[in-house]
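This is the structure I have questions about; it appears just below.
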Amino acid sequence: MIKKLIFYILTTTFSLSAFADNGYNLWLNYKLVEDVSLLANYRTQLQSLYIPYQNATAKIAASELENALKILLNERVAETKEIKENSLVLLKTEDFTKYGLASKSFEKTDAFAIEKKMIQNKPVILISSPSEIGLLYGSFKLLQILGTNGDISQINIQESPKIARRILNHWDNLDRTVERGYAGFSLWDWQRLPKYIDQRYIDYARANASIGINGTVLTNVNSNALILTKEWLQKVKALADTFRPYGIRVYLTARFSAPIEIGKLKTADPLDEEVKTWWKDKANEIYNIIPDFGGFLVKANSEGQPGPQNYGRNHADGANMLAKALAPHGGIVMWRAFVYDNEVPEDRAKQAYNEFKPLDGHFEDNVIIQVKNGAIDFQPREPFHPLFGALSKTNTMAEFQITQEYLGMATNLAYLAPLFKECLDADTYAKGKNSTVARVIDGSLFNNKISAIAGVSNIGNDINWCGHPLAQSNWFAFGKLAWNYSLTSEQIAREWTKLTLHTNNSATNEVVDILMQSREAVVNYMTPLGLHHLMGWDHHYGPGPWIANKPRADWTSVYYHKADKNGIGFNRTRTGSDAVDQYQPQLANEFNSTKTCPEKYLLWFHHLSWDYRLKNGETLWNGLVKKYYQGVEEVWQMQTAWNKLNGNIDPEIHLAVKQLFSIQYDDAVMWRDACVLYFKQFSGKPIPAGLEKPKHDLKYYESLEFKYVPGI
Ligand code: BDP
């Protein structure tokens, strides 16, 4: 018995100390400030806490601050009933005069400021905002500054979110499987809801609030109408109640045929009076249960989902009908532009634009068109979607994919801020220079009434939330960019690394370098020079450039790369599908000519001979092959750099990432060899001298099966 006990104590103590960090705390992973003088400085300035509010959000701010400061400063920073010297004070602007402060105005209600102030002749750090949620955002911001060892002696910052609705899209099914989810099952434990509130929901809300995310679509875009029934809505309400104090609104996906499936109507025709009434009643019912319900996200007439076109109506008819049902309650409709039809004899990349452009100006004010960053589908690299900037009379939002469906899932590292920013920073030229995608979606370019951005979540019930420990940085980056798209990818990477991994300066630099090169490495070993959609059939893991002869041509790879003995690439120029002319003339001309088309998009827009000369003088064949080899080399570099960090990173995280890099390296080699061998059949040219030869023949790669890929 005693032996057993000693064994138990030894093993548990050992495992707790040796494997300290399982990643659960995300970037809220507070740690004592190590720099002694900085610590002393923080302690001097943050001796107590004054928050004169009692509502749930203010209480959360207080407890977040108290709990975090206890760890960061190893000192209790207690709440006081009056303002003391050197305290942290949280005040809403409406109360400024009460405290003798000059009034201050903010553009947005969830904006905040953090500054040194004198209040009642006492020096304090003041966090102010028009709203409690802004105070919570400001509190998290201050904690992030402390967590990254920033200077607060003269602190004076003001932040205001550029985009109003910053939303995660969960592709979670009601059976808890997650479409394209690689981090376990859905967080939403429907069976135990509504009575059982899992601590996970609270931690999810904390994490989101800490980066400004203020909306969540709980359910898959390939939706199930059941979620709109009474019993399920009670479960949704329990989540909405949990998230509300964190400033997060709940949205649901609405299946267009719900009136038939759960309403027993004969039709879902959006112009049918009974259908309209059914949705009005449904909206009333939802808002009775969840008064601040955000609205619906709809995937209609896309990949087999029902929609208004089933009844000969168009997208505006469908979206507006739902919008009118939600409008009295302040709800919105996020109507997806991800539509394409295999029966339509048109380049898939052009179809969404063709469908939606003629409808510009026909949508209700509370409809927003949700457009994926690129015109195909979340590829490692795509030019921005031509619909951005094309809808000058319609609210438009962007949809990014945080989950790595096409970028190696949760086994490959791809830090996505550079991908998100490539799209956000792209100039559409819709109203002359500096008409960036970011300015389209923040509503400033066309003076839109609502603005929003969505990220398809990479979150599941894995202990570390995102599967790959470093993939948490993508959730973080999405939130940070949704709040402020002007941040650089590197700034965000640095902040995330410090907060999450507690690396010293040189290790932080190393991790940031790894993150910063990771997405380009993936592009290089998967789809360099503008290639796209080359992945394995259906599950989308691993290479599959040979995919052909499937029920839908636009789901094959040969449709996209068009490799033959004459060359490779999709001709989207004026001699081809003319997708280029969906962009403004400046860009259309730029993309249309090989002289000006950026090489990163070359084969997206051009079909070129294998002997075509790249800018560096190489032939296209040699250049393409070298890109594939470069991608593998970059993975090797990341892997080597990571391995060297042993001892500077928590051992559990280090080991996990080390193992994942070894999978990624093998994946990269497999991608490279499979694609190079496959294209070689057409080019008829050798792999350039000096490059290692593939270990297997093409048949081998074609025969590989990936039986365990999740998320399908
Ligand atoms: C594709 C996914 C599919 C989604 C679809 C969508 O393969 O699972 O349902 O996009 O966004 O990327 O609707």
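A Cβ is built for glycine as well, from the same backbone N, Cα and C atoms used for every other residue.
Source: prediction; values computed, not measured.
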In TrEMBL, which of the ranges 55-82, 391-418, 419-446 has the coiled coil annotation?
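It is 55-82 that TrEMBL describes as coiled coil.
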Quick check on the active-site residues Asp377, Glu405: which one has the highest count of other Cβ atoms within 10 Å of its Cβ?
Glu405
Determine which residues of the chain contact the coiled coil (55-82) at the Cβ level, with the cut-off under 8 Å and only residues 6 or more beyond its ends counted.
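Tertiary neighbours of the coiled coil (55-82) are 28, 30-33, 39, 42-43, 46-49, 88, 90, 132-133, 135-136, 139-140, 142-143, 146-147, 206, 209, 244-247.
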Could you tell me the mean pLDDT the prediction assigns to the domain 'Glycosyl hydrolase family 67 catalytic' (148-465)?
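For the domain 'Glycosyl hydrolase family 67 catalytic' (148-465), the model's average pLDDT rounds to 98.
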Taking just the CA atoms, what is the gap between Glu405 (active site, proton acceptor) and Asp377 (active site, proton acceptor) in Å?
10
Round to the nearest Å and give the CA-to-CA distance linking Glu303 (active site, proton donor) with Asp377 (active site, proton acceptor).
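Here the two Cα atoms lie 12 Å apart.
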Provide the three-state secondary structure of Glu405 (active site, proton acceptor) computed with DSSP.
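DSSP call for Glu405 (active site, proton acceptor): coil, neither helix nor strand.
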Taking the Cβ of Glu303 (active site, proton donor) as centre, how many other Cβ atoms lie within 10 Å?
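Excluding its own Cβ, the number within 10 Å is 14.
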